[in-house]
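Engineer: Handing you this structure, nothing more for now.
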Amino acid sequence: MANLATLDHPYLPQSASLLFDAKAKANLTFEDIARHIGRNEVATAAIFYGQAKASKEDVVKLAELLRLPAQALEMQMGGFPDRGRSVDMPPREPLIYRLYEIVQNYGYAYKAVLNEKFGDGIMSAISFSTNVEKETDDDGNNWAVITLRGKW
């Protein structure tokens with residue numbers, strides 16, 4: 001169950017502590033919460049970390065599920081996300097560092113293949129979605145499958 005030590009994350013918004021504390025008290029996963037608000041689990045987690053904007057409907061549904069005062073939650077989440085400041089560069093958290101390492105090692109290869117397939121341009125991180133799946137192979141090994149989908 002993902003939780004948050006706010007002292008380790010000084011750049012997160014005020015709402016992060018409130019949301020993560022309520023999530024822990026309710027013993028909910030991001031998948032549980034995502035199902036309730038009608039988003040995927042990565043988009044839901046991004047709201048908790050202040051990296052995605054919650055709609056008014058999201059705030060109402062979060063308040064309902066997490067038993068939080070909707071007005072207070074809306075006040076804390078009403079601004080625009082301050083994206084990209086929540087992670088030190090290079091990252092120190094091992095899993096986040098591995099994702100960074102993937103971009104270091106494969107970034108230019110991704111760029112070359114994307115340019116060959118789509119021409120000159122960039123993949124949007126705004127018109128964007130992502131998903132995480134778990135696969136188990138025939139030998140019982142678990143594999144993480146991360147899909148990145150951005151408008152070209």
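Easy rule for this one: first residue shown is 1, then count along the chain.
Every residue gets a Cβ built from N, Cα and C, even glycine.
Residues or ranges marked as active site by Swiss-Prot: R98, E101, S124.
Help me picture where these features are in the structure shown.
Structural biologist: Secondary structure from DSSP puts R98 (active site) in a helix.
If you take the C-beta of E101 (active site) and look for same-chain residues 6 or more apart in sequence within under 8 angstroms, you find none.
S124 (active site) falls outside any helix or strand according to DSSP and counts as coil. All protein chains considered, the CB of S124 (active site) has 11 other CB atoms within 10 Å.
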Engineer: What is the total of other Cβ atoms whose distance to the Cβ of R98 (active site) is within 10 Å?
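Structural biologist: Its Cβ shell of radius 10 Å holds 11 other Cβ atoms.
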Engineer: Determine, to the nearest whole angstrom, how far the Cα atom of R98 (active site) is from the Cα atom of S124 (active site).
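Structural biologist: Computed Cα spacing between R98 (active site) and S124 (active site) is 22 Å.
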